[in-house]
Amino acid sequence: MKKILLLHMLVFVSATLPISSVASDEVETLKCTIIADAITGNTLYETGECARRVSPCSSFKLPLAIMGFDSGILQSPKSPTWELKPEYNPSPRDRTYKQVYPALWQSDSVVWFSQQLTSRLGVDRFTEYVKKFEYGNQDVSGDSGKHNGLTQSWLMSSLTISPKEQIQFLLRFVAHKLPVSEAAYDMAYATIPQYQAAEGWAVHGKSGSGWLRDNNGKINESRPQGWFVGWAEKNGRQVVFARLEIGKEKSDIPGGSKAREDILVELPVLMGNK
């Protein structure tokens, strides 16, 4: 009886722990897709393990855009334009982006722009927005002992979210039920990248790429993860979707790019049956 009870406890803990708190070699490959009706909230399609939390990575740029426009720090898809400064300490990739405006920030996923936005928001406003949005585990503390939550919490750090929670956030966004201004909705909607899928579907969404961490907390590049989350429209019909993929081998293709291309192919097919 004790063995059975222990087994049930282990299963429960495994199901509720975020992937970032589990060693990367303890997590199998994962692929989740959820599509829900934007009006009713009803799930139209769900497959895979969709309750596990992982880092949102750059898919967090969607809520960041809403925060930026609601706070007035961002004004439109083309304004403001911020110039890169050496003290921003950008990645080698992001050093090529010398001047960035909101639409370019979103389409090209420029990390230093995100970090400058949160720095301008400040800890208190940033934390308040995440809590009001009920976004994932709402933990923006950052890496343990580093006090870097304001600029790092969503980048393979403390903030985690599951595909199911992404859907709940997206449903609130498209229904205008987040505690933000109407202008924030309009500007965020206009800034998020749009893609054309088959069968006349217009897909709006943000990808996010990263990796799991190993037992020592180091990034394990053989465990890529990729998000693509957003909404899609066709002939007055609107759905929200979340796609999460976690692999078991190193890839030259960013995980978010792969998740995006997969959903652009699959969504029209899946919705054709609904």
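Cβ from N, Cα, C; glycine included.
As annotated by Swiss-Prot, active site, acyl-ester intermediate applies to S58, with the evidence given as sequence analysis. The feature substrate binding site is assigned by Swiss-Prot to K206, S207, G208, with similarity to another entry given as support. Look at Swiss-Prot and you will find K61 tagged as N6-carboxylysine, backed by similarity to another entry. The annotation signal peptide is assigned in Swiss-Prot to 1-24 on the grounds of sequence analysis.
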So for G208 (substrate binding site), how many other CB atoms are inside 10 Å of its CB?
27
Using the recorded substrate site (K206, S207, G208) as reference, state which further residues of the same chain have their Cβ within 8 Å of the centre of those residues' Cβ atoms, listed in sequence order.
C57, S58, S59, K61, L62, S109, G205, S209, W227, F228, V229, G256, A259, R260
Can you tell me how many other Cβ atoms are located within 10 Å of the Cβ belonging to S207 (substrate binding site)?
25
